[in-house]
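In TrEMBL this protein carries:
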{"type": "TRANSMEM", "residues": "51-74", "note": "transmembrane segment"}
{"type": "TRANSMEM", "residues": "94-111", "note": "transmembrane segment"}
{"type": "TRANSMEM", "residues": "146-166", "note": "transmembrane segment"}
{"type": "TRANSMEM", "residues": "194-214", "note": "transmembrane segment"}
{"type": "TRANSMEM", "residues": "256-275", "note": "transmembrane segment"}
{"type": "TRANSMEM", "residues": "287-305", "note": "transmembrane segment"}
{"type": "TRANSMEM", "residues": "416-434", "note": "transmembrane segment"}
């Protein structure tokens with residue numbers, strides 16, 4: 001008893017001592033993030049120590065600011081022929097540098113404030129099921145492949161263009177004393193700058209997709225609660241925990257999502273304004289680079305919006321599942337009354353609509369379109385459960401009035417919100433197109 005009271009007093013003293021500063025624990029070198037950390041070091045975005053932080057900021061300033069400025073003001077040929085002229089280079093350089101700066105600053109802030117493990121919610125996996133942990137770790141290792149699937153095709157197309165541009169005499173500035181060596185160094189610097197900026201932007205987008213995928217796994221695991229005899233308090237606590245994590249994700253990424261949307265929109269309208277002028281030359285040698293830049297930016301933006309809309313759709317599916325669970329439990333509670341003779345209307349209804357289970361042909365027709373949250377199967381209810389009708393109704397009402405999902409300053413990122421964004425973008429596009437085409441006419 002003396003040892004227990006002593007240990008209790010020590011714990012209370014630690015909890016009551018507000019002057020103690022608890023530092024964030026660092027991940028050891030051989031944890032589940034070792035491969036991911038290695039790739040972050042290769043991409044020069046790792047900031048785990050002072051030396052890595054200095055190197056990361058140096059590479060960022062070099063490839064995001066210095067090289068694009070040198071490329072636009074010094075290496076661009078002002079008196080080149082029609083094929084080597086680059087009239088849209090300013091839009092390309094500004095767009096890529098803006099999204100790269102936004103992504104790098106946001107990623108640095110995330111890692112510095114939360115750490116990589118907390119930022120990826122790996123510290124919360126101990127509270128999840130084995131299925132969620134395995135699927136999330138598998139998706140974590142797959143994220144790097146997804147990153148290079150988006151980056152490498154764009155980089156290959158940019159490499160072909162830059163090699164042709166320098167190889168065919170795009171610039172003749174021998175800043176290293178030799179024209180060939182100067183062109184090779186300049187070409188490598190420009191390609192490295194393009195690769196770095198697009199990689200940093202896609203990295204933040206893919207990490208957002210990864211975090212949203214974890215919440216989708218948790219929602220699918222949460223759907224299993226309705227398949228067992230659970231009480232209302234357990235369901236409510238788990239849903240509140242999921243809503244808390246979704247609110248954390250929304251708060252962390254809201255500035256990045258809104259800023260990326262503004263930058264990409266401004267870039268697209270600037271490109272449209274320049275390409276629809278009366279003197280614009282839309283030759284592939286001139287406008288190909290701005291088209292490639294637009295594809296890269298739109299691909300990253302679509303990754304973000306699709307992930308946000310998908311997790312919001314899955315979160316809203318919980319309400320439908322809870323309502324179906326409530327209906328099935330209510331039906332079974334009436335059918336389970338002992339000695340009750342079924343009415344004639346129920347007998348006739350059973351003859352017209354026989355209560356058969358889902359056939360294999362129906363399951364084959366559905367395929368992978370249904371999951372634990374969105375399906376047309378009956379929920380197995382427990383007629384003798386202690387959950388009353390009033391408790392189930394209260395839980396369904398709570399789900400209907402407390403929708404979960406990714407929010408952007410209070411606005412839910414769902415399909416209707418995407419329709420609103422598309423409508424605004426289309427209206428601005430038609431207005432700008434009318435101004436430019438009308439001026440040409």
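The backbone N, Cα and C atoms fix where each Cβ goes, and this holds for glycine too.
Automatic prediction, not curation, is the source of TrEMBL annotations.
When each of 94-111, 146-166, 287-305, 416-434 is checked for Cβ pairs under 8 Å to the transmembrane segment (194-214), 94-111 comes out on top. If you look at the transmembrane segment (287-305) against the transmembrane segment (51-74), you find fewer than three C-beta pairs under 8 angstroms, all six or more positions apart, and that falls short of contact. Proximity of the transmembrane segment (256-275) to the transmembrane segment (51-74) is not established, fewer than 3 Cβ-Cβ distances being under 8 Å for residue pairs spaced 6 or more apart. Through the fold, the transmembrane segment (51-74) approaches residues 41, 44-45, 89-90, 93, 96-97, 100-101, 104, 108, 173, 186, 189-190, 192-193, 196-197, 200 of its own chain, all at least 6 residues removed from its boundaries and within a Cβ separation under 8 Å. Same-chain neighbours of the transmembrane segment (94-111): 45, 47, 56, 60, 63-65, 68, 119, 194, 196-198, 200-201, 203-204, 207, 252, 255-256, 259-260, 263-264, 267, 270, 293, 296-297, 300, counting only residues six or more beyond its ends whose CB sits under 8 Å from a CB of the stretch.
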